[in-house]
Amino acid sequence: MKALGAVLLALLLFGRPGRGQTQQEEEEEDEDHGPDDYDEEDEDEVEEEETNRLPGGRSRVLLRCYTCKSLPRDERCNLTQNCSHGQTCTTLIAHGNTESGLLTTHSTWCTDSCQPITKTVEGTQVTMTCCQSSLCNVPPWQSSRVQDPTGKGAGGPRGSSETVGAALLLNLLAGLGAMGARRP
């Protein structure tokens, strides 16, 4: 019941969801079902970047991001998507208590606008991070790169309330589904 209260509070605080929701996955060819080793893919990206340069050395390469919804902490996202021009990669991490213990989920997607933020609503901490390099939106516990532990990045603790609200709602609903399956 506490999670339902958090969902209602998130709706009141953030207004109606809309902008920044996860994008529909593009064609199956964008999916990545291979092992965690991306060496071959990295070589393809370098070749693609070289062929997509505009006169003057400017690049028109589309950003590639992981795209998954509400995965538990121990699962990796293997789906990828080419973002539209001007989009960024986003990672949302939610830590909250459920009847069965601590639940951590992560969601990743392309979005038109992203500003890093960390908020706590009804005991659930939500952290959104943004990045602009290919396949950069992995949770910090799955990344070999050192990341800002606060999740604030250069943008500071501000963010689009619609984006955070929609993402928080998505993660809380996933948690409710996990709790509902275990009730007597």
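Just so you know, the numbers here start at 1 and follow the chain as drawn.
Cβ coordinates come from backbone N, Cα and C, glycine included.
As the structure is a computational prediction, the values presented were derived from the model and not from experiment.
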(request) Name the cysteine that pairs with CYS65 in a disulphide bond per Swiss-Prot, restricting the answer to CYS77, CYS89, CYS114. (result) CYS89
(message) Going by Swiss-Prot alone, which of ASN78, ASN82 is annotated as N-linked glycosylation site?
(response) ASN78
(request) Determine, on the basis of Swiss-Prot, the cysteine among CYS110, CYS114 paired with CYS130 in a disulphide. (result) CYS114
(request) For CYS114 (disulfide bond), name the DSSP secondary structure in the helix/strand/coil scheme. (result) coil
(request) Indicate whether CYS68 (disulfide bond) is helix, strand or coil by DSSP. (result) strand
(request) Report the nearest neighbour of CYS114 (disulfide bond) in space among the disulfide-bonded residues CYS65, CYS68, CYS83, CYS89, CYS136, comparing Cα positions. (result) CYS89
(message) Averaged over the region 'Important for interaction with LPL' (103-109), what pLDDT does the predicted model reach?
(response) 97
